[in-house]
Every structure is written in structure tokens, then in C-alpha cells.
Amino acid sequence: MTTYVPVEQPHSPEADGGRAGRRRAAARGQGGSRGSAFLVFLLPALVAFACVLPGLGHRQLWRDEHATWWASTLSYSDLGRLIEHIDVVFTPYYAVMHLWIAAAGDSAAMLRLPEAVAMALSAGLVGLIGRRMFAVRTGLLAGLLFAVVPAITRYGQEARPYAFATLFALLATLFLLRALDRPSLRDWTVYALSIAATGFSHLVAVSVLAGHLGLVVLVKRRGDRIAHYAFAGAVMLGLSITLPMVAQGTSQSGQIAWNVTTTQDLIEYPQELFGSWATGLLVMGLGLLGLLAARRYALLLGAWAILPPVLTFVTANQLHMFLPRYLLFTIPAWTLLASAGITRLAGRFSPEARRGAGAQAFGGLLVVAVAAAYAFVAWPAIGLAKQDLPDEPDYRGAARTVAAGEHSGDGMVFNGGLSERRAMAYELRNGRAPKDVLMEWTPQQNGSYGATECRRPARCLATVDRLWLISTVRDGKLLEGMNEQTAAVLSKDFKAVKTVKLHRVTVQVLERR
């Protein structure tokens, strides 16, 4: 069997003397010592963490994060009832977050800390993959570019599983490269488990396998007669672990049918994926150039970067999966391609290309200069990524308003379509909240995120004389869209005594006439 070595050497690995020689050759091609591996992992990880950690709990949670909090604080029996109807694909994430919340609490910062750590680890893995594919400086530059992409900060500060999907897609890629370099049962097993973890994090991220398949086909054409069998076995094992979840999830696809994709969404894809036009176009442009420099890894990286958005866009009307946050795991491929192109142009693509202290210093300065320049371009967008989302209501402000003026015996009612009940439950979780007087069936009883409201509103409202109305209706008619019977009772029996308008949400105090 001929073992695939990822970087060309000036002589054949066999000339070094059997398997030991091949391993020494592979080590030379992968960027040298363990110290270099430590550097290319640690430095990008620290930079990413430094970008994500400040202000981790400052931005308000938005609707999807409220869903994470709600599902993750359910008992396991209630969670089981929930996933029978919706979000079965997030079951592993919710189960892990349940344990995390029990240990660390449910503040915004603590809810997001696992994702921040996942993003930092992802930056380090990008560096290791770049080192293994190309050279130390290429890996270091790729990891640093990834670390300062504004979207990495944005979703490193979000209590959703996209950071974990990125992390496990990278882990699978790294162990595939390891298994192809020096095949072992351990590496193929970890690869299979990484595939399963990727699928459990987000199903769209499994499309990274298209790039993996391309690399394995190339290896087979170069003479390896075993790798494609091992790859097929590992993929089948990894996918079989997630298959039951996938099968049930297909029956719940209607939950994202709201995502109607247009050509404009495709046009705005670079901006939405990276967090700004400048950072997106710069990395994508350099990445396309890098396809010429990536050599045998061009197919892997090109398929990884390009196929997932293409496939999700052309199937958008059926699967509704074309959302940039679902495709976050493609950013590493773009930064790896961009770094390969930059270092190739600078003569640092191969560790054999230049030698000496001067060359080493030049390579180090190149990495620092490019990373610093990109960070300068990205910095304003990184700051924006930490601010409240522009279309999300100011539920935190609404909760402060309620807490400041609430009286014993008050009730609370909701109107709008932006998960008002769940958001206020989160924001008022640590204090005394007015009674949800219209809730007849709880979300837990429904096995859903939504409650069933009272079918006889006059009777349900008869027990309270003072109400807090939380409405996200934007046209000023706070009861518009509400159940007609409920709106009629409120209009007839109550009068508004105080109105507080906040961003995208209005808080109104109603007292009985």
C-alpha cells in the first residue's frame, strides 16, 4: 500500500526506509515540531477568545436563544415531549445545555460561554489543519483570519449550536487528514464519531463530507488501495448514529418553512456569512485565488466552501436550509484557501521554498501584517456583532419596566408574533413576575414552545384588576391580531393608564374600568 503524504517531498518517502521513513517525511511536510503545532493552535484560539469573550452577556438574547433557554431548562420528560413535535435535531445540544445550566446558571453570559469556547477551539483547529495541509505560517494565518471574522464573534456569542457544528466539522477534517497520512483504527474511529457529532450539531454541516470525498478519491487515484474503504466505513458508522434523528427530523421540516429564499439572499450571502461586505469579499476573493495555490487540497477546500451554499440554495424551496448561520462551518475553508494563496504568492507556501533566519522573519512578518490588516478592516463589524439585533424587541427594557411598577396581584397578557411570552419568562425569571392570566395550557403540556390561551377570556380576566400588556405590534394598535374575544374584553373592561414605548415592543398598564 502506498501511504498518501500531503506535501510533496524532494524524494520518495520509501527512500527514507519503510514506515518510519514515511512518518518522518510526513512530519516534515506537516510543518515540523510539536512546538509549531502548539503555536498554530494556541495563538488563533486566544485571539478568537479575546474577540468573543468581552461583552459576552451584554447583547440581549433573541428569539432562538430564548428557545435554547426554554428547551434546556425543561425536565427530560418534558424535553422528550417537546422533541416529539419540534426541534428533534437539536436534542443532543439541548441535553448538554441542560447539564450546563444546572452547573453554571442561565445568565446570558453563561448560556453563551460554551459556544465561545467552541469558537476559540475552532480557530485553533483551523490553524492545525492549515499547518498539516500546507505549512506553519499558512496554518497560523488561516487560524488568525478565522478568529477575527465578525461572524465568528457574532455566533460565538449566541446560545445556539452553530459554533459546535463548526468545531466538529473541523475536527472531522483534521482526523481525516491524520488517518490518510498514517492510517490507524483510532483516527478513523475519531473521524466517524466527529461526523456523528457534526450531524448532531447541525445537519447542514454534514455536507462537509462532499469535500472529504473529493480528497479520498484523489488519494485513491494516487495509489492508496485501502483509504476509500476505511472512509466509507467511517462515514457509514458516523451517519448511522445520527440516522434516527434525521428520520424523525424530516417530519418536522415545516418548522422552518418560514424561511423563503430569494435571489437577493444569495447576493447578500458574503455579507451575511462573514458579518460585513468588506471582510466577506476580501476573504472570498483571496480564497478563489487560493484555489490555484491549494494544489491537491483545492478539491477538498473548494467543495467545502462552495457546495453547501449552492446545494442549500437550489433546494431552498423544499428544505428551507439556506441561512448563512447554518453555513458558518464553511468559513474555515475560505480562510484556509485565502491563506494558501497569500503565502504562496509570498513564496512561503512550502516549508522547502525558503530557508534561513531572514526567510523565517519574513514569513512571520507576513502573517502578522496580513492578520493585523484584516483585523483592522473587521474591527468595526466585530463591535456591531456585539450589539442588540436591530429587529429584536427590547425585552430586557420591558422586563425592567414591569419589575419597577408591578403590584401584587397583577396579571400579564401578550400580543404579537415574536415569542413575547417566552422572552418575558426569561427576563423575569429571577424575580416576581405578574401572573400569565390567559395561559390555559402550558407549553410543557402542549409539547411545544407555545402555550394555549384561555378559550373564555372574560372568565380568565375576571380575577385581576390590573394588567401588563406586552405587545410587539408595530403600527400602534396594540391589540391588533389578538384573539377577537380577548381583545373585546380588554377594550371593554380595561383602560390604559400608562404606556411605555421601547424598541420594537410596547409595555402598557391596563386597569379595570
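Count begins at 1; order follows the chain as displayed.
Using N, Cα and C of the backbone, Cβ positions are placed for all residues, glycine too.
All TrEMBL annotations are machine predictions without curation.
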Which residue range, 65-83, 103-121, 274-292, is the one TrEMBL calls transmembrane segment?
274-292
For the transmembrane segment (326-347), what are the same-chain contacts with Cβ under 8 Å, counting residues 6+ beyond its ends?
122, 125-126, 129-130, 133-135, 137-139, 141-143, 145-146, 149, 151-152, 155, 162-163, 165-166, 169-170, 198, 202, 204-205, 208, 211, 273-274, 282-284, 286-294, 297, 301-302, 304-305, 308-309, 312, 353-354, 362-363, 366, 370
Below 8 angstroms Cβ to Cβ, which residues of this chain, lying six or more residues outside the transmembrane segment (162-180), approach it?
4, 6, 93, 114-116, 118-119, 121-122, 125-126, 128-129, 132-133, 155-156, 187-188, 190-191, 194-195, 197-198, 201-202, 204-205, 208, 211-212, 215-216, 219, 224, 227, 230-231, 234, 300, 304, 325-326, 328-329, 331-332
Along the domain 'Glycosyltransferase RgtA/B/C/D-like' (97-246), what average pLDDT does this model show?
96
Against which stretches of its own chain does the transmembrane segment (226-247) lie, if we need a Cβ under 8 Å and a gap of at least six residues from its ends?
1, 4, 88-89, 91, 176, 179-180, 183, 188-189, 191-196, 198-200, 203, 206, 209, 212-213, 216-217, 219-220
